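Worksheet: the structure to be examined is printed underneath.
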Amino acid sequence: TSNFVCLPVSDTCYEEPAKDRSGPRLVTLIGESFDNASVISSVLPDEQDLIQRELRKWIDRGDVSIILTTGGTGFAPRDVTPEATKPLIDRECSQLAMAIALASLQKTKFAALSRGVCGIAGNTLIMNLPGSEKAVIECFDVVRDLLPHAVHLMRNNLKLVQRTHATLQQTTAQPTTLQQHQHHRHVCPHKTGAGNDEDRNSPFPMLPVQQALDTILGVVQRDNKTAVQQLEALVSPVNIPPFRASIKDGYAMKSTGFSGTKRVLDCIAAGDKVNLHPLQEDECFKINTGAPLPEHADCVVQVEDTKLLQRDKYGEESLVDILVEPKPGQDVRYVNFAMPQPAILLFLFVCSAVGFDLAKGERVFPAYDASPVVSKSLLASVGCQLPQRKPKVAIISTGSELLAPSEPAAAGKIYDSNTTMLEELLLYFGFECMQLQVLSDNLDNIKQTLATLFETVDFVICSGGVSMGDKDFIKPALEALSFKLHFGRVNMKPGKPMTFASRERKYFFGLPGNPVSAFVTFHLFALPAIRWAAGWPRAKCALPVINVTLQNDAIALDGRPEYVRATVNSIKGQLHASVNGDQISSRLQSIVGADVLIHLPGRTAEKTQARAGEVYSASVLRYDFISNYE
């Protein structure tokens, strides 16, 4: 078992990741060929320094066995992947490069124009593959069976090396059926088959989590493109503020009048019109925060720097002592241009601070922000309203055994918690559930319900009905409705049966029926897709990821990468996480107090447990994600 890193190199794909074909294909090939392999993929531009920096980062980690690059190996001026790779190589693997080249030349003579190199850097094998999807498939087929043995040799794992050598010595000219199978796949705990009566293994290959998410975001279209463009192009119809405004409660005056006793002419409150009354140097106006500055004043002295000397017969202030020297522009929203001192006095007196926060004609949104708090507040501040369409979502649960929470308990039945949980999660993240239904395990009923729902909604999130049981009708129903099933299994725990399908601009998420599986897959797949459709930037669609130090003594690793619910504790400013009890996928109590999903890797021969003190990535589930401070 090995850790792989795939690095597609392409200027075009770096700008538009959805156009990358070779990277996702390579990730799929690795997942299909090596069960329990951990695969990380990242698209890079054709920049030698950036490519080299990324390679060095993964080499220096020490736990990455194989790095596969795709693209940038040709004759074009920006094809620099080999040049970025060569300086990092400690030992060249020229025979491996030759094997790839010879096999490629049997396919096309144009393979002679590829300059890819292979070599070992530290404990990591690096291979440059061509950029086309077809070439990636052909080249990977050449090296697939060599990679496990290469890793064993690099790690000096003598027992596994000797076992491989013994197997090669014993192999006859006519391999057995088992040996033929092992030639194409090394370990098969989660076999992909036909899914029929003769072969009951699922016909869907298990995709790595990141590839599944990339597939989703490559398929889902943004519904509010026009609205985003309108927001980005919107210019302010007004100045903010539309007048020079006082920043403090105090007294407005001329800065040329110095400190001392001044007569209070009147009081100006927020919302009053600009006062045009003539103003002498020994006069002032009492003024409130946010009120418009009088026409002939250029500064405000805060009330704390004054002393009340006298009130008139009506109880209003009439005489005040200014204890500090007033300064031009003091406590006034003004434009802070760099000017010579004599000029600034005239500028501040003659010119106003109108539009200090936002000037008329300026863009309201420096950049698009999907947060309704931000967008609606800014629109309100300039007196504008623009419709902002959110994706329409329906939630269904399937299962003849399900009862609504309001129904009485019955033999053979269980209460449905998934619809309630998913609806509350949508609301928590700022989206609404348009419809909520619980369906029995009936194919015709499921087909009709889905057809009706998709007439009015963009997304249907369904829990249950996506596994291999004879009552799991979701996938047949989707196929009958002409939906394309993009994937039907993901290499993760919990959530392996996770399903995603689409038809034109309609999208279906089939979450597993176990409550915790539904909880995890909603956060990792459904939520990012809905955010993407709503116009969120790609980098913000998925949950934020932080690093946490594990507090549990030891946790047995599963064969699949696992996402475990944990509570976060801040200890002297460092984030630690404690796993919340039994992590079985049916135990909904494990989400109580869950602040994060810790990303545990799949079990390997070298690592079978996660231990206290080790640092892992974790997806943040809630805004207030720190439960305890120590």
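Glycine is treated like the rest: Cβ placed from N, Cα and C.
TrEMBL entries are annotated by machine, without manual review.
The predicted model assigns the domain 'MoaB/Mog' (5-150) a mean pLDDT of 90. According to TrEMBL, the domain 'MoaB/Mog' annotation covers 5-150 (among others).
Look at TrEMBL and you will find 394-532 (among others) tagged as domain 'MoaB/Mog'. DSSP states for the domain 'MoaB/Mog' (394-532), grouped as helix (H, G, I), strand (E, B) and coil, give 47 helix, 38 strand, 54 coil.
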DSSP residue counts for the domain 'MoaB/Mog' (5-150), split into helix, strand and coil: 76 helix, 27 strand, 43 coil
